[in-house]
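Per TrEMBL, the features are as follows:
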- 21-32: compositional bias 'Polar residues' (COMPBIAS)
- 76-90: compositional bias 'Low complexity' (COMPBIAS)
- 205-284: domain 'Anaphase-promoting complex subunit 4-like WD40' (DOMAIN)
- 1-46: region 'Disordered' (REGION)
- 76-107: region 'Disordered' (REGION)
- 243-277: repeat 'WD' (REPEAT)
Amino acid sequence: KKRAQVLPSPYPSPVVTSTPAHAQSLTGSPATTDHLRPPLLLPSPAMAPRAGGQTYGFPIYCASWLPLADIIKPSPSADGDADADASPALSSPPPPPMVALGGGGGEGRSGVPNALVVAALDPAAAGAPPALSPEPVFRLGTEEQVPYRMAVHPRGDGLLCAFPNGCRLVRWESPEGEDSHSLVLRSDQEALVKLKDVGLQLAVSFSGEGSILATGGEDGHLRVFKWPGMETIIEDPDAKTSVKDLSFSSDEKFLVVNRSSGPSRVWDLKSSEAVANLPREQGEIFGFCRFSTKSDNSQILFVTAMQGDYGKIISWNTTSWTRIGSKKVTRDAISAFSVSPDGTLLAM
């Protein structure tokens, strides 16, 4: 089993982004459901999980950290004048970081449930690696539908899940008072009518401010909507390829889309027009794409690619859309890719 690698960014200047990297950046984006595999291989009950790891009884296909500041409701006393002079020692501690996880055993009677789970990060003991709590904060069964991809709205407007037959939105409910750090999930059946029966979406993402939603299907159909009104911005059906990955620029001006073959395509979100095709070099197959913003507010686009037996990371100038660098980083397939929120680290 290969371990994940964390590499210093070729551009180590501090990076400012509006939200952490989205969940789908942590999961693979295979072109067909026949090749869908969980990015976390769960050990059997007889095997102890790797240090810092945690299992919840099903293969995990997608994960995302939650924007708790926009989800958790403060207790009523937090806003009341009566407690203005209360001792800080009596105030409720902030909630631990929480992550949403989705996956399952699929249709049929495999005995492995399909579910969404919210888990909290346990405080690490001295010298111990951080780990998720063994018991989830909340668990929502998804019947016979496996959540393969997810995108958390950066302002806490819900969790979008991609199932084999379409997408569904899950809303948060945060109780007030003593149990204010708990979360409850409920499915919103009316929110995503336009994505109800569109088939499996292999890439789903909200823009950094949460005003735009993009989905890319196994059938090659790219859909981009204003959020939450769901007015169409871009619709690009392409039955010859599947959408593998997509990424918004931090200023919400551009969307980059990688498909199972061909170049990366850059869309201008204001004009709804494709403004650039980023060509491959001989033998390259593009995989993931992520924007990163440097301290001078200029942006760089990173694209992963396989070329023969090598996995590489390519960087692109986002003004001229020219290739400015590439580096071979592994002799294994790159099945996941993410950029740290400050842009100084690339993980695969």
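Our numbering is plain: 1 for the first residue shown, then up by one each step along the chain.
Each residue, glycine too, has its Cβ placed from N, Cα and C.
Caution: TrEMBL annotation is automatic and unverified by curators.
Within the same chain, residues 16-18, 24, 29-31, 201-203, 205-209, 211-212, 214, 216-218, 220-222, 224, 233-234, 285-291, 293, 299, 301, 303, 318, 321 sit at least 6 positions outside the repeat 'WD' (243-277) and bring their C-beta atoms closer than 8 Å to a C-beta of that stretch.
For the repeat 'WD' (243-277), DSSP puts the residue distribution at 0 helix, 22 strand, 13 coil.
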